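> Questions regarding the structure given below will be posed in turn.
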Amino acid sequence: MEDAQESGECLVQNQKYCVERPIYNQEILQGQLHKRERTPQSLRQKIEHSCRCSSKKAKSHLYSFLPILKWLPRYPVKEYLLGDIISGISTGVMQLPQGLAYALLAAVPPVFGLYSSFYPVFLYTFFGTSKHISIGTFAVISMMVGGVAVRQVPDEVISVGYNSTNATDASDYYSLRDDKRVQVAVTLAFLSGIIQLCLGFLRFGFVAIYLTEPLVRGFTTAAAVHVFTSQLKYLLGVKTSRYSGPLSVVYSLVAVFSKITTTNIAALIVGLTCIALLLIGKEINLRFKKKLPVPIPMEIIVVIIGTGVSAGMNLTESYGVDVVGKIPQGLSAPAVPEIQLIPAIFIDAVAIAIVGFSMAVSMAKIFALKHGYTIDGNQELIALGICNSVGSFFQSFPITCSMSRSLVQESTGGKTQIAGALSSIMVLLVIVAIGYLFEPLPQTVLAAIVMVNLKGMFKQFADVAHFWRTSKIELAIWVVAFVASLFLGLDYGLLTAVAFAMITVIYRTQRPQYRILGQIPDTDIYCDVEEYEEVKEYPGIKIFQANTSLYFANSESYTSALKKKTGVDPCAILAARRKAQKKHAREIKKANKVKKKAVLKLVNSSTNDVEASVKHEIANDGLPANGKFAFVDAGVQDGSPDELEHFVEPKTNVHSLILDFAPVNFVDSVGAKTLKSVIKEYNEVGVCVCIASCSGPVMNELTRLNFFDNTVTRELLFHSIHDAVLACQGKDRSASQTALDH
């Protein structure tokens, strides 16, 4: 620390920044520079270049599409294999209970959660670029899927024709309802995967930037409330319908509390016990993270205990506790998704595709930054698209990255995608061999697992205080995303949040910060005069800066702020001058009338001596001898047009205005017209307008928009603020000297 301080002191004391050069405006600078010759490619040439394929290019594309071909041959077995095995087993142990639990969120039978924890996870090993994220079921995506499934296949529709209390009829009812909801979930996976593939191949990975961190955190916090609410009925063991769409949270809470008296005490005790065990286990893992070789797999422990207790005490028959039920052994045959459902679920699929990608790529970037490698956002889109679309043929619902499993996979020593492949193989063993053992598992245990896993998301409520301190606009985005997603549903809430986030971008460009800059003495550095005491303005020169681009949405506010900040309003000055000139003209006219009346009156007097005396007095003093008329100044007596023309009061003490264009990234046609109008208006009142630090792309845009002409030339554009200041000072001195000479 001391060395750094000494180095800083040496830098201040010993190093100088001395530059002596001419003052550069763009006209002079461009005259001294020689542009490189650039021949733009035609569309045909671009197509030919993109279609040309050499062996090197083909190999590069193949490695890009299948990253496993690049890293697997170089896999250091001795260094990485043990860590990947431990990590794969630890993650697989979490995949199993979470797959079963999140299937309930997706409104499908639990076995489909296992399918979704196997096929996509295994496929990601070949196509993904992140070494540490754990692909599979995730609460938010599962909740979105469940909302669509319930909307498309509500209980009321299926219940028609099943009014019998016969057990066989009830079984058929649930079977038919679940089959239809599975079709919706599978088709969602297929469609969202196709959308992700299209975005990936079209290199549209940047769409994730529109889901900003405050938006995603507000959205996921609302999703956590949705998920928690949906699990209350399983925890309490009450029978209620599942709701989707606007106000579904309210309806769900009303339905649960209206049947609170029918709570299954056995289910509640089992659920609360599991919640307590899971919270204790997570706290132990957190406190002793450095001492434990691997985290304690409390979720699978709770599942095993819950299954054993349920089977041993026969909770279903004795206490009416709902259990997972039938888990088919083995993999199901491939099936084509229901294509006819696509029009009804397309918007939902777009939302799921983008949210899923955003979750995965944000988590992947965190681990990539931590471990020093890069990920390809477009390839991640392709990988997720393949996982979802191919997995849909094997009855898996949409998946993405799970934050909790990814943290476990990374913290337990996972080095590559091999860990993910091993976790999927563990799920496969359960599907083909021992899945039936989990049939007695109480649903309240799965609800407990889901609820405890929401702990991290509920901690995001602390974001409100954080964003209140740092950024009110980001706080507004968080609140809108949360409230809209909570009450309008996750689909409409997400659309509302994205729309609001876009509006805030427009708002920020419409309401930027405007500053008047001044010089730090004896430097070429210019800062805000209101922020620093040492900063001084040059007499007669105003330097105006707006930290935004100039376009149609803010051009009016730009000119308003310019007039307000500089204190120079050309329209007001011209209006004041016209008013003063009119008043001056009226005074001259009135004085001429008085003069004429006085002369006529004196001409009619009877005494020639008096007449001569009066004429003499008028010629010398401009007043009648009797003194009945007010004195008229000699300058006002002469109402000649020449004197009126040279009357330019009131004046402004500003002779030059410099617009700092360093923050300006682009200018559109409206902005260019506004800028040109500003220059001409200020010129009319004798204020010279210059533009400083204009970037090359903005210069090119101004040229394309025909901004420059005989009155607005490139001589008004300067390389830096200091160039413009020196030029304005020199011009003012020349003008003052010329005025003195005349």
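Start at 1 and count along the chain as shown; that gives each residue its number.
Placed from the backbone N, Cα and C atoms, the Cβ positions cover glycine too.
In case it's useful when we look at the structure, here is the feature table from Swiss-Prot:
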- Ser404: salicylate binding site (BINDING)
- 531-728: domain 'STAS' (DOMAIN)
- Ser404: site 'Controls the anion transport' (SITE)
- 1-76: topological domain 'Cytoplasmic' (TOPO_DOM)
- 128-138: topological domain 'Cytoplasmic' (TOPO_DOM)
- 203-212: topological domain 'Cytoplasmic' (TOPO_DOM)
- 289-297: topological domain 'Cytoplasmic' (TOPO_DOM)
- 413-416: topological domain 'Cytoplasmic' (TOPO_DOM)
- 511-742: topological domain 'Cytoplasmic' (TOPO_DOM)
- 77-106: transmembrane segment (TRANSMEM)
- 110-127: transmembrane segment (TRANSMEM)
- 169-202: transmembrane segment (TRANSMEM)
- 213-236: transmembrane segment (TRANSMEM)
- 298-313: transmembrane segment (TRANSMEM)
- 339-373: transmembrane segment (TRANSMEM)
- 377-394: transmembrane segment (TRANSMEM)
- 403-412: transmembrane segment (TRANSMEM)
- 417-438: transmembrane segment (TRANSMEM)
- 443-470: transmembrane segment (TRANSMEM)
- 472-487: transmembrane segment (TRANSMEM)
- 490-510: transmembrane segment (TRANSMEM)
> In this predicted model, what is the average pLDDT of the topological domain 'Cytoplasmic' (511-742)?
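It averages 77.
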> Taking contact to mean 3 or more CB pairs closer than 8 A (sequence separation of 6 or more), are the transmembrane segment (110-127) and the transmembrane segment (339-373) in contact?
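They are not in contact.
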> Report, as numbers and ranges, every residue of the chain located at least six residues beyond the topological domain 'Cytoplasmic' (413-416) whose Cβ falls under 8 Å of a Cβ in that stretch; write 'none' if there are none.
71, 75, 79-80, 82-84, 86-88, 91, 131-132
> Under 8 Å Cβ-Cβ from Ser404 (salicylate binding site), six or more apart in the same chain: what's there?
Met94, Gln98, Asn453, Gly456
> Considering only Cβ pairs under 8 Å, which range in 169-202, 443-470, 472-487, 490-510 makes the most contacts with the transmembrane segment (339-373)?
169-202
> Decide whether the stretches the transmembrane segment (490-510) and the transmembrane segment (213-236) have at least 3 CB pairs under 8 angstroms, with pairs required to be 6 or more apart in sequence.
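The answer is yes, given that the two segments have at least 3 Cβ pairs within the 8 Å cut-off.
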> Pairs 6 or more apart in sequence, C-beta under 8 angstroms, 3 or more of them: is that satisfied by the transmembrane segment (403-412) and the transmembrane segment (77-106)?
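Stretch pair touches.
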> Honestly, do the transmembrane segment (213-236) and the transmembrane segment (443-470) touch, with at least three Cβ pairs under 8 Å and pairs 6 or more apart in sequence?
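Judged by the Cβ rule, the two regions touch, with the required three close pairs present.
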> Should anything in the same chain at least six residues away from the transmembrane segment (377-394) have a Cβ under 8 Å from its Cβ atoms, list it; otherwise answer none.
64-65, 67, 115-116, 119-121, 123-124, 127-130, 135, 186-187, 189-190, 192-201, 203-206, 208, 331-332, 334-337, 353, 356-357, 360-361, 364, 400
> Mind checking which residues of the chain, 6+ beyond the ends of the topological domain 'Cytoplasmic' (128-138), have their Cβ under 8 Å from one of its Cβ atoms?
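Hits for the topological domain 'Cytoplasmic' (128-138): 67, 91, 95, 98-99, 102-103, 106, 113, 116-117, 120-121, 356, 359-360, 363-364, 367-368, 371, 373-376, 379-380, 383-384, 387, 397, 399-403, 405-406, 408-410, 414-417, 420, 423.
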> Have the transmembrane segment (417-438) and the transmembrane segment (77-106) got at least three CB pairs under 8 Å, pairs 6 or more apart in sequence?
yes
> State the non-local partners of the transmembrane segment (298-313) in its own chain: residues 6+ outside its ends, Cβ under 8 Å from one of its Cβ atoms.
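That would be 93-94, 96-98, 100, 270, 274, 277-278, 280-282, 285, 319, 321, 323, 437-438, 440-442, 445, 448-449.
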> Please work out the helix, strand and coil residue numbers for the topological domain 'Cytoplasmic' (1-76) from the DSSP assignment.
44 helix, 1 strand, 31 coil
> Excluding the flanking five residues on each side, which residues at least 6 beyond the ends of the transmembrane segment (443-470) place their CB within less than 8 Å of a CB in that stretch?
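Contacts with the transmembrane segment (443-470): 97-98, 100-102, 104-105, 110, 139, 214, 217-218, 220-221, 223-224, 227-228, 231-232, 234-235, 237, 267-268, 270-272, 274-275, 278-279, 282, 299, 302-303, 306-307, 321-324, 403-404, 478-479.
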> Summarise the topological domain 'Cytoplasmic' (289-297) by DSSP state, stating how many residues are helix, strand and coil.
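Helix/strand/coil tally for the topological domain 'Cytoplasmic' (289-297): 0 helix, 0 strand, 9 coil.
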> Six or more residues out from either end of the topological domain 'Cytoplasmic' (289-297), which same-chain residues have a Cβ under 8 Å from its Cβ atoms?
86, 90, 93-94, 281, 408, 411-412
